[in-house]
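What TrEMBL records for this protein:
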BINDING   A:GLU41, A:HIS418  Mg(2+) binding site
BINDING   A:CYS60, A:CYS63, A:CYS412  Ni(2+) binding site
BINDING   A:CYS63, A:CYS415  Fe cation binding site
Amino acid sequence: MNIEIKHLARMEGHANLVVDTLNGELKECRLEIVESPRFFEVMLKGRHYSDVAPIAARICGVCSVSHTLASLAATENALGVKVSAQAQGLRRLLSYGENLQSHLLHLYFMAVPDYLGVPSLLPLAKTRRDLVARALRLKKVANDLVRIVGGRPVHPVTPRVGGFSALPAAQDLKELRRRLVAALADLEETVAMFASFAVPEMARDTEYLSLAADQGYPGLGERMVSSDGIDAPVADFADILTEYFKPYANAKFARASRDTLMVGPLARFRNASDKLSPMAKKVAAVLRLDAATTNPYHGNLARLTEVVHFFEEAIHLIDTLLLKGIRAESIWVPPGGGRGAGAVEAPRGTLFHAYTYDADGRISAANCIIPTAQNLGNIEADLRALVPQLLHLPQEEITLQLEMLIRAYDPCISCSTHLVKVEYV
Amino acid sequence: MKPRVGFFDFTCCEGCQLTILNLEDEFLELLELVEIVEFREIMTGQAAALDIAFVEGSIASPEEAARLQRIRERSRTLVALGACADNAGVNALSHFCPPDELGRSAYGRVVEGIEQRLPRPLECFVQVDARVPGCPIDGQEFLGLLQALLVGRTPELPAYAVCVECKLGEYPCTFEHGTVCLGPVTRAGCNALCLAAGDRCRGCRGLVDNPRSQPYRQILEQHGLTVEDILAEFRIFNLPPEKS
């Protein structure tokens, strides 16, 4: 049997899946990355710190806020810039907005069609208009959150080194809060829908890595932790994460303590489920999501649990910001260089940027490790573990389950700055 | 029968397709007017023929060029969606990096002839019938272009610079803060969004039709810049014609 899927649909970027079996034995199983490399780390060289985050944002359209925030944190740590509590709060809010819009897009547009047995959500615009309208309503609140704080839903424009170049109006935040509360009914229906889906069974233990949860659920932070005992400053990430090539593969992979590593909603949930908001804890229980789960298909349930958490946290955070009052702040950036790293929890997992600046404030070296590079080895290991268990099924069913497994990671191939083709003539 | 529309992406961040999905309110109405037959990011399946193909991203390999050619052959109208498709976008920066370093960063070794594989705009490979500039595109501008195509009108882009929209918005001129801004030479249509957010213009929408004409030159001269200085800044989002 040979399964070959060119340009896997309903995911970010381009990848092929190749599965080859002979007499019930798995011969070949690989996820081929066919996207052209984009050389961001080289392109950033020589750029002034004020241009770095806007360029880094373009690594990914879906995670442009995360790239902006990781990039700014790396630059600020390199230059020795302190960011105010207000700016930190607004950045957290912005990060909630991006995680929400990405998670909701994934859950409704990429995952739901698998469970409803349709090729896409679009034909349902007529037959299940309630469902499609609800998906768009929820996504719109999330996007408006990013627009109000970041100036634009894709590639934000207000965050800058040291803080923000423009601040949201209190009135806009109040209106946003009202809409976040009003969206809770839609969330309830979403949770009920996902609770009714039959999630495929699978178990494979791996290392789960995320930022530390000292100050609540992992988001922005300076420490990283893992289920295998890693507890280290983000600045040391390059020593902890090993990037490597596989002899046959066309992508750069990354690992930490063992051969495979998982980042993203399920890893965050595993490491910090006790830090979830009260409503999110209830949702996890309704979805029968256990903090000890090793089923990668549970990625979507963790994603939905996080959606509820981010909604609830965003409401509280807006209250805190409004109570203190949004004030204009002066920003001072010291001249001169240095080295620094920054990390954020992007929708797909922990994202790292590290830069070295020269005395003129221009980059002399840049390094980025994106979540999908960390997950790729784990996706392949899951596929290898799963295929032998599915061989008794019809080929279409095998294909669907493998595609669903890959989608449960929500891999973001266009984000991958390191994806490589070995065949190069 | 409703016009059959497809969305395609090459070397890019998929932010322009995301901007279309972010049209939420108008997206359901859009589905009444056109039939979306291909959109890999959110649907499975391929279509035989298309009335309009919206193509995001730049072309960075012979395989991508061949795939683009096949899309061109089965589409009546082909639209370049966003800066990467239109001007090579932020990918343009790779053309000004040492080729050996690019090869090493991505492939772990020096790669022969890497210049031929650097990202280029669609029009270097196929005929482009219309374009939506910007990084990312503006959702409303996309709807305006689609409307023009649906009623058989030739889509038009603003022929004036971002500076005009900035003045209309009464935003402070970034030159006054000693920051270089590409507003004087960049095509308008974004409502000076970055200026409104307190940032500067980095030229993601490409050159206005006649950038050397007055009064842009005057503004630059007043601030001690030459047209060449500012065109060098343009490389962040735009590949100069001699490179493509």
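Keep in mind that glycine also has a Cβ here, set from the backbone N, Cα and C atoms.
Projection of TrEMBL feature records onto the structure.
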| residue | record | DSSP (3 states) |
| --- | --- | --- |
| A:GLU41 | Mg(2+) binding site | helix |
| A:CYS60 | Ni(2+) binding site | coil |
| A:CYS412 | Ni(2+) binding site | strand |
Any idea what the Cα distance is from A:GLU41 (Mg(2+) binding site) over to A:CYS60 (Ni(2+) binding site), rounded to a whole Å?
14
Applying an 8 Å Cβ threshold (strictly under) against chain B, tell me which of the binding-site residues A:GLU41, A:CYS60, A:CYS63, A:CYS412 fall inside, in sequence order.
A:GLU41, A:CYS60
Neighbour count (Cβ, 10 Å) for A:GLU41 (Mg(2+) binding site):
24
For A:CYS60 (Ni(2+) binding site), just count the other CB atoms lying within 10 A of its CB, please.
33
